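The structure appears right after this line, and notes come after that.
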Amino acid sequence: TDRAPDPTNGQQYRINEGHERRGGHETAFSRRPTPKGSRLHALFEHPLYKRPLPTLTEEDTLFNVNTDIRFDPKAAENQEWSKDGDYAPTGDLSSDSYPNWLRFHIGINRYELYSRHNPVIDAMLKDLVTQRITSVAMKSGGTQLKLIMTFQNYGQALFKPMKQTREQETPPDFFYFSDFERHNAEIAAYHLDRILDFRRVPPVAGRLVNMTKEIRDVTRDKKLWKTFFISPANNICFYGECSYYCSTEHALCGKPDQIEGSLAAFLPDLALAKRKTWRNPWRRSYHKRKKAEWEVDPDYCEEVKQSPPYDSGTRLLDIMDMTIFDFLMGNMDRHHYETFEKFGNETFIIHLDNGRGFGKHSHDEVSILAPLSQCCRVKKSTHLRLQLLAKEEYTLSALMEESLQRDSLAPILIHPHLEAMDRRLRLVLQVLADCIEKEGYSSVVEDDLASEGMDVATDTRR
């Protein structure tokens, strides 16, 4: 196989050449002492987690704060926002005075949903847990109940209530499309996405909600309100309306009126920032007997590579990132994905709707890796980070455990799920090692580290 070139002029993420010839992952980085204190802090201080973005132009930012954003006057408690909907501050009103959800929206650009060390994200996670809920409505569509919650600062989040305990595994005879959505999976997915340095999942936090005071008493949704009842065990319950799991048999009950749930921060309103929905080329059939084309055609990736937007730019490599992300979680339910329309095809995939991850810790669904094994392509930065996370000094499971301890509902995942991620990471690295053995390093690993300061999304065109 090909010998890998030294990345980025011999910087700290130089790979051991012997390692690359073997395709293994034991000696990917020069050995370092085990970090004292926070592994997470040590990870985020690694050079791979400090690479700068290209210089952003107006075309690279989702909003031009001065001209593009228009505020709904009803969604502005700050009296300095004008009443006609335009932003017209009296005096010097800086963006620092905006609510955290708005600062999050303004920070979105072509390359990332949020920056690595943005203090606004931690502040917004705190808001999701502490802000007073002022109104609640059911989200239309979907097989299971989801609620839209609006806060005192006019931010909004999607609430997915707890349906299963941490210990419950998805039954082996359940189809992926009839599985429950798990609130803790949504929380864990956000933390995993951040540790992988994708930063494509909107911030998610766990919250204990009072069903009486924070849902029933503040909702104007009569259909939702009518589904509240008191169970024989004297607990407050409701079931809402949806297409599959909304009935008294699937009611959500508090103890007596407290219920756990995940709150995922809303992305900007579609009227302000349109998003395009794409069908995942490796979408499952969602049929009990039929198989999808990719399941029966081993050369399926060749067809995908010849079809826009996968025939140029970074989209195919972003699908590989999403594939690895889903496999580590055990998520089989990735039928569609979204991008921001403004950025065209040269932008990241948003990793939304991750509630069907972390259902089985005792089973690794290798079919999720089909895109990776069929295409044998990966970004160099992704490959290096995966090798880093497999090293004893960091260890994906330990990083996840540390990160998840910050959530108010911790522990979020039981240990078998954490251990499963380490096992699955080794399987991902083995698939890539087999690809490199078969096709050569330079054919498999796309060098997105060619020049320092060059971001992944701009330097991987083939």
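Heads up, the Cβ atoms here are built off N, Cα and C, so glycines get one too.
Caution: TrEMBL annotation is automatic and unverified by curators.
According to TrEMBL, the feature active site maps to Asp333.
Long-range Cβ neighbours of Glu181 (ATP binding site) (same chain, at least 6 residues apart, Cβ-Cβ under 8 Å): Gln144, Lys160, Lys163, Gly355, Arg356. Residues or ranges marked as ATP binding site by TrEMBL: Gln144, Lys160, Glu181, Ala264, Ala265, Phe266, Leu267, Glu338, Asp353.
Residues annotated as Mn(2+) binding site in TrEMBL: Glu181, Asp353. Asp353 (ATP binding site) is surrounded by 23 other CB atoms, counting those within 10 A of its CB over all protein chains shown.
Taken from TrEMBL, the feature compositional bias 'Basic and acidic residues' applies to 16-29.
Taken from TrEMBL, the feature domain 'FAM20 C-terminal' applies to 228-445.
The feature region 'Disordered' is assigned by TrEMBL to 1-37.
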Calculate the distance in Å between the alpha carbons (Cα) of Ala265 (ATP binding site) and Asp333 (active site), and round it to a whole number.
21
In whole Å, note down how far the CA of Asp333 (active site) lies from the CA of Leu267 (ATP binding site).
21
Please give the ATP site's span as the largest CA-CA distance among Gln144, Lys160, Glu181, Ala264, Ala265, Phe266, Leu267, Glu338, Asp353, to the nearest whole angstrom.
20
